[in-house]
Amino acid sequence: MGVTELGKLIGKEARREIKLESLAGKCVALDAYNALYQFLASIRQPDGTPLMDRAGRITSHLSGLFYRTINLLEAGVKPVYVFDGKPPEFKLLEIEQRKKAKEKALEEVEKAIREGRREDVAKYAKRAIFLTSEMVEDAKKLLTYMGIPWVQAPSEGEAQAAHMAKRGHCWAVGSQDYDSLLFGSPRLVRNLAVSPKRKVGEEVVELSPELIELDAVLKSLKLKGREQLIDLAILLGTDYNPEGVPGVGPQKALKLIWEFGSLEKLLQTVLKGVQFPVDPLKIREFFLNPPVTDQYSTELSTPDERKIVELLVEEHDFSQERVAKALERLAKARGKVKTTSLDAFF
């Protein structure tokens, strides 16, 4: 999911860089699809294509999930991955439009490969990322074998993750998107599932985790509550109404919320007669009361190293030596998570 325009309004006073180690002993509910897409976009071969096994199956997501999760454990973080379930009906049109855009990007990739345009291959390949059901199932298998808890959300993953954070079972939600704040998560941590180093032009820059707290966002934007934040996001555009209200940018949307106070009053006045593809009040209700489940665990379990080797090395052609070294790190890191959890408790 993504409410990128809302992110433009969240200033420095509501977000701060933190060290990964500051999350030691804390449970973070990670938006699994968001993380997997990050891995697919960033873990690539020199020609811009994703990592693949000998059968031509993409493995970038498994590589990212395996090694990044170990990094989190080594920092003392307790990750729980939350997977999307069935999207709300009013999101289906947007999903279909995204699919068409990806298919078009895939055509551009194939054309660029034929014409030898390597830079364009990399550019369009990132736009053509697909996450198949088989890839998701492999990711779930890997997490199970690693002893990492994962949760199947009935609907939106970020809604479920926010629910877990609101209940105090997780300290924060981990995602690049801001939707979990709309779903009520008290905290959002960004940049957890991305490489700590990123190339910008010719420079390599450090990318630190970023903490955003819901209360700080509401205070900085002078909003009276989460309902107004949701209304603001709807004006700017969400996954359920990507275009938002035509002609209404971030600053104008904020002023409208300050002046009129609610979406209802706006619909009765300045937005009267504006046609919405989806009822905005229906969208707001979904953010306030999404389908969630209480059937989940945040506890780590014992890894099955043999199963990890079977999945990564034997089935997907990962380097046996690299995986063996990573398994040693995994064993040590799990002990660190247990220790830091006890330290945080006492």
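The backbone N, Cα and C atoms fix where each Cβ goes, glycine too.
Taken straight from Swiss-Prot:
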type	residues	note
BINDING	Asp31, Asp84, Glu156, Glu158	Mg(2+) 1 binding site
BINDING	Asp177, Asp179, Asp239	Mg(2+) 2 binding site
REGION	1-102	region 'N-domain'
REGION	120-261	region 'I-domain'
Among Glu156, Asp177, the most crowded of the binding-site residues [Cβ within 10 Å]: Glu156
Spatial separation of Asp179 (Mg(2+) 2 binding site) from Asp84 (Mg(2+) 1 binding site) - C-alpha basis, Å: 13
Lowest local Cβ density among Asp31, Glu158, Asp179, Asp239, which the record lists as binding-site residues, within 10 Å: Asp239
Nearest of the binding-site residues (Asp177, Asp179, Asp239) to Glu158 (Mg(2+) 1 binding site) - Cα to Cα: Asp179
Pairwise CA distance, Asp239 (Mg(2+) 2 binding site) versus Glu156 (Mg(2+) 1 binding site), rounded so that it is a whole Å: 11
Integer Cα-Cα distance in angstrom, Asp179 (Mg(2+) 2 binding site) to Glu156 (Mg(2+) 1 binding site): 10
Residue pair Asp31 (Mg(2+) 1 binding site), Asp177 (Mg(2+) 2 binding site) - Cα distance, angstrom, rounded: 9
Reduced DSSP assignment, Asp31 (Mg(2+) 1 binding site): strand
